[in-house]
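Student: Got a structure here, written out as structure tokens. Questions coming.
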Amino acid sequence: MLQLAVILPTYRERANIAPMVARLDAALQGVVWEAIFVDDNSPDGTADEARRISLTDPRVRVIERIGRRGLASAAIEGMCATAAPIVAVMDADQQHDPELLPKMLAAVEGGEYDLAYASRFAEGASTEEWGRPDRVKASGLANRIANKVTGVELSDPMSGYFMLRTETLRADAHRLSGVGFKILLDILATVDRPLKVKEFPLNFVARIEGESKLDQTVVFEFLVGLYDKWLGRIIPTRFALFGTVGAMGVAVQLGALWVLLKVIAGERFVYGNWSESATFNTANTLAAIIAMTFNFVLNNELTYSDKRLRGFGPLLRGWAQFGLTCSLGLLTNVGSAAVLKTIGFHSVVAVIVGIVLGSVWNFALSSRFVWGKY
Ligand SMILES: Nc1nc2c(ncn2[C@@H]2O[C@H](COP(=O)(O)OP(=O)(O)O)[C@@H](O)[C@H]2O)c(=O)[nH]1
Ligand SMILES: [Mg+2]
């Protein structure tokens, strides 16, 4: 009977697939296992390579996701795609030693522990062969913050190598955020009942083939993960990100408006008491355009980092499209503010209501027309 599924999220790991399967086979002698590669349509043909192996070794399965990116969501989908009672997640790049799998399996299968994981920072673990003291430092800091925020006390809650009973995962899968890379932390912080955790020291080695995908995004994704932990259940993540950027845009618009009014109205300027509505509307329109440009740049870098527009041409086109699709939002934004001001609302209230109404339009339209697959 099937005992264990090993989930291996991949992005551009073609050269690591065959060696990884061979190492799993060697490490898991005597265990009935399957391996599920969850590939995000890697351009190097990682999924093809895994399918090639699967033809002669049906223990190897492939999930290919189109138009999607993300380590955590890949891990979750992989874990939900098996009938095996116990499931493990590990990197496919051979930085995680498969020799630990049988020991983890013994700990979880016996029922003594709910979850086993490999720690890069436990007693007896090592990151020396990784050769990345910068990442070791960053991980250490992230771990300390994660401990404080979630109350999860492990030496390495950011580890990507763990094993648990599949039913534990399935019970809470719908509540996991699936954002970023910190899937273990997500699971530990999400389950209601505390899990009994067994820690295994890991010798985290350098990559043999390919390159790291998390180097650039690791800090940002961590922050998104924390944000998501706090607010993710109330506001969907992409919209939360868009909203966060939008909130910064609010500050930018108010700041720009303040500067513009000071320039235009000069001596007569008193914040919150703009007597001439023509001056106010002109300045507010300009301020909204400045905020829109700011939002475009940040959304492109952060909110839609998985669909980021690159190069001068696409960026300019994207900005124009963003401006175009947001022009409705901009009209809503400035128009509603003007109306509210006319009927006697305080200027700041008028501006903020305008911004909120405008943002909803902007999200609805831009996620489809600027970064979507229109
Ligand atoms: N499916 C999927 N896998 C990913 C993604 N990003 C990284 N991975 C895989 O996650 C594992 C860890 O990523 P890696 O870049 O090695 O991170 P690092 O070891 O922390 O530098 C590797 O197997 C990657 O191929 C992604 O967006 N989607
Ligand atoms: Mg790696």
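Each residue, glycine too, has its Cβ placed from N, Cα and C.
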Student: Look up transmembrane segment in TrEMBL and report which of 14-32, 280-298 it refers to.
Tutor: 280-298
Student: Restricting to the domain 'Glycosyltransferase 2-like' (6-169), what is the model's mean pLDDT?
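Tutor: Mean pLDDT across the domain 'Glycosyltransferase 2-like' (6-169) comes out at 93.
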Student: Taking residues 6+ outside the transmembrane segment (319-339), which of them lie with a CB under 8 Å of any CB in it?
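Tutor: Counting only partners 6 or more residues beyond its ends, the transmembrane segment (319-339) has Cβ contacts under 8 Å with 277, 281, 284-285, 288-289, 292-293, 296, 350-351, 353-355, 357-362, 365-366, 369-370.
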